[in-house]
Amino acid sequence: MGDAPSPEEKLHLITRNLQEVLGEEKLKEILKERELKIYWGTATTGKPHVAYFVPMSKIADFLKAGCEVTILFADLHAYLDNMKAPWELLELRVSYYENVIKAMLESIGVPLEKLTFIKGTDYQLSKEYTLDVYRLSSVVTQHDSKKAGAEVVKQVEHPLLSGLLYPGLQALDEEYLKVDAQFGGVDQRKIFTFAEKYLPALGYSKRVHLMNPMVPGLTGSKMSSSEEESKIDLLDRKEDVKKKLKKAFCEPGNVENNGVLSFIKHVLFPLKSEFVILRDERWGGNKTYTAYMDLEKDFAAEVVHPGDLKNSVDVALNKLLDPIREKFNTPALKKLASAAYPDPSKQKPMAKGPAKNSEPEEVIPSRLDIRVGKIITVEKHPDADSLYVEKIDVGEAEPRTVVSGLVQFVPKEELQDRLVVVLCNLKPQKMRGVESQGMLLCASIEGINRQVEPLDPPAGSAPGERVFVKGYEKGQPDEELKPKKKVFEKLQADFKISEECIAQWKQTNFMTKLGSISCKSLKGGNIS
């Protein structure tokens, strides 16, 4: 490649490792005439994690292709999305994001002087922008706005108006930043197509949209800021990185939903153009790969062991994180991190004495500790013909004993080694002399011919994976549900099986990171 890349070489750099491009022909035309103007925006909500290296590596590609790149710190969006960033923390979050993202870019050798950094509220509160928000609201339907934000904005039963404004503001950003293209994750696709539909209604042109794939988290599926064990924080200590990688989902030979392999593909290879598997001489010694697919093929063939893969990623990842940790090891940035993300347990000191006038506890699904389980053994209860006693692996050191009344409905052979859904924080109780340490959740149709089916996690799920209601991923479950408060009973009243056999709470899906919880056939059934 010469000093100035050709339009074809620029196109390759811009689009490599992307999952989808909308408007590729327009992109080609622009590259024939001039440099591409592009922006990447990030809402300043939770702490950035290592998956942010995916857009960082693409920003490096854009700069190599000669693009003019703007990074938007979308502080107003962070507030509009169900107040994921409280108003009083917006400035602090923006400062944290700016420092940590600049540190990430420096760690991969990206020259900061070639980038433009801008804060959303620097222009989104202007008279012109505000007028365009009103103009847009006069042509956009509620349906289209909600649909556009479905993969990005927190989904709740009664959405706030702020969340419905979010997609429109993101569309307007393309015009007000004067760019040709917007770059983001494939989870932004509906917002991108929303922008393509509605910007012309205001007399503005369609933009090109570039989408990178979502990197699976360490437990499978999308890496999430709200799922602690699925992500590695940029400031995690080396021992924490090793611990999380050790627990990562990485089955021998399995290349699907493999967050470890995906991180190598989308971050380490684009940055270094090679990856070294570090291993003992007894197992063949170190091996250098210069093409990702060669590594994937060897892993699929079990030539590369998961332990060696994880150890090698551990070394490579810590080389990226070391400069970031070093930068944040100053009193000023330590103080910033603490102020931008205050410890919730220290925000409100406990009042002395009983809190008689305190507000009632919120009854929400995140209070339930529901997990994927695998039935290890199943036997008839020694003293009850209608009960099974199961030993179920729910991701703990020892399997739990669970008693369930399924003898009349599910043959023993169908339960053995089956993946199930278990409620784990009910108070243990004895059932005919055997203590049950959880509840195996099932769909049921009541009546004379009662039918019962255990709920099914998505294929590929692992014992211990958290089950949550979409939109309620955050929050820690109660350590133990207090029987007198009837939290489970109140929530259970809105549990239902949909017409598509999906388990739901108030018409919102129960999920793991791999997809929705379902049952075999009991449409419209209850869940207990």
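Cβ coordinates come from backbone N, Cα and C, glycine included.
Keep in mind that what you see is a predicted model, and the values were worked out from it rather than measured.
Checking the candidates TYR39, TYR292, TYR341, TYR388 against Swiss-Prot: the one annotated together with GLN170, ASP173 at the trans-resveratrol site is TYR39.
TYR39 (L-tyrosine binding site) sits 16 Å from SER205 (phosphoserine), taking the Cα positions as reference.
Within the model, the domain 'tRNA-binding' (364-468) shows a mean pLDDT value of 91, rounded to a whole number. Helix, strand and coil counts from DSSP across the domain 'tRNA-binding' (364-468) read 7 helix, 52 strand, 46 coil. SER205 (phosphoserine) has GLN170 as its nearest neighbour among the binding-site residues TYR166, GLN170, GLN188, going by CA to CA distance.
Among the binding-site residues TYR166, GLN170, GLN188, not one has a Cα within 10 Å of the Cα of SER386 (phosphoserine).
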